[in-house]
Amino acid sequence: MTTLLHDTAPDFDQPIAVLKHCHNRIRKQLSTLDKLLAHLPEFGADEQARQAAAAVLKYFEKAAHLHHDDEEQDLIPMLRAVAQGEDAATLQALAPVILQDHKDMDALWQDLHEQLTLIAEGTSTALSASAVQRFCQRYAAHMEREESTMAPMALRLFSPEQMTQLGQAMQRRRGIAPIAPVAPAIGQAVADLRKDYGQASLNETDVLDDPMLQFTQWFEQAIKAEVNEPNAMSVSTVAANGRPSSRIVLVKQFDERGFTWYTNYDSRKGEELQDNPHAALLFFWSELERQVRIEGRVERTSVEESDRYFRSRPLKSRLSAIASQQSAPIGSRAALEQNYEQVAQGAGDDPARPENWGGFRLVPERLEFWQGRRSRFHDRIVYERQEDGSWTRLRLQP
Ligand SMILES: Cc1cc2nc3c(=O)[nH]c(=O)nc-3n(C[C@H](O)[C@H](O)[C@H](O)COP(=O)(O)O)c2cc1C
């Protein structure tokens, strides 16, 4: 969920979103190339031009190859293994085109590589407009092809386990070790870890300046310690009449924008947030004797984000979301199941997200990290967001 917090990149548990994010970075590099073309005749290989050439070189020499390998070695073979019928036919036609694109783009890159190296060194100002144009056009068409066919197909066909498998393969390719499931053989190590945390403390000097990074660190430690449902959090809302209510939901994403969960917008929490967008979240990781309290304003995620997440859910969960008018009364379990059957019969295998279902994101204004200590003499460190976006930090008495 998180090495990407500095950058709005999604996490590897959403590998298709990561691939799309790579495309956006490629688009940025292509636009730099275009600007460099206009810059060179007027300013020569000045500092700005040298830096731009070096950045484009660095990206296409390394990151672009990793991205192609993700597709060739993992995404396409995994799609081949699951696609059937029309999807299999589309893939059979598309995969060779994608592979050929990669080869052609590599060849086009070779033309640019030498020219950019000389510009980065400051020894030449020559950059072929037609080579830049061919390279940019080919890439743009290629990315469009992938985004309009392969990515939606993967989102539709892959199970959560296959998404995890793809994300982990991509992490390994980049030398980032995915968090490994804890094998029974190392159960003792986990027990020791818990014991360690049992004796943990939280000092002003230990915590990170950025509370989201601090949260990420604790969240990763909660996963490592095999905390039960580490992403379960309580969400408290307050109705227009001033009365609070709480329930547990699962956080599905957290990054510098905030904490995201998915639900029904017409539910009790949805209606209360409509009247009063202020809410509080609470994580309790009992095995580590830790809690994190988070307060802020809640906004809806974009339609695209909600669609993307909805499509990534197992079909039965999507059908349940359509069939249930969350928080509304119903006469019996049988009536509820009848609604589900009706929805399942008419929905097909790629039902659209209902408009009243989607994501909420709490944008934090205050976070408190609480670490249990002996004799109830606990540690509490609070971060508060300032108007300029910076965070202040203070300690509270237990
Ligand atoms: C572990 C756990 C995870 C849950 N995750 C979600 C969730 O992600 N989204 C959701 O709408 N409800 C989730 N629920 C159900 C909610 O707690 C709650 O019953 C539901 O959202 C209706 O709440 P409301 O009537 O206050 O709106 C979860 C419950 C539990 C116990």
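Every residue, even glycine, has its Cβ placed from backbone N, Cα and C.
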Among LYS252, LYS269, which is the one TrEMBL gives for the substrate site where TYR309, ARG313, SER317, ARG376, PHE377, HIS378 also bind?
LYS252
Quick check on the binding-site residues GLN291, SER317, SER327: which one has the highest count of other Cβ atoms within 10 Å of its Cβ?
GLN291
Can you tell me the CA-to-CA distance separating SER327 (FMN binding site) and ARG376 (substrate binding site), as a whole number of Å?
38
Which of the listed binding-site residues (ARG247, LYS252, HIS378, ARG380) has the least company, meaning the fewest other Cβ atoms within 10 Å of its Cβ?
ARG247
Could you check which of the binding-site residues (ARG247, VAL251, TYR262, GLN291) sits closest to ARG313 (substrate binding site), going Cα to Cα?
TYR262
For the domain 'Hemerythrin-like' (15-154), give the DSSP counts of helix residues, strand residues and coil residues.
128 helix, 0 strand, 12 coil
Nearest of the binding-site residues to ARG380 (FMN binding site) by CA-CA distance, picking from LYS252, TYR309, SER317?
LYS252
Is it possible to get the count of other C-beta atoms within 10 angstroms of the C-beta of ARG268 (FMN binding site)?
15
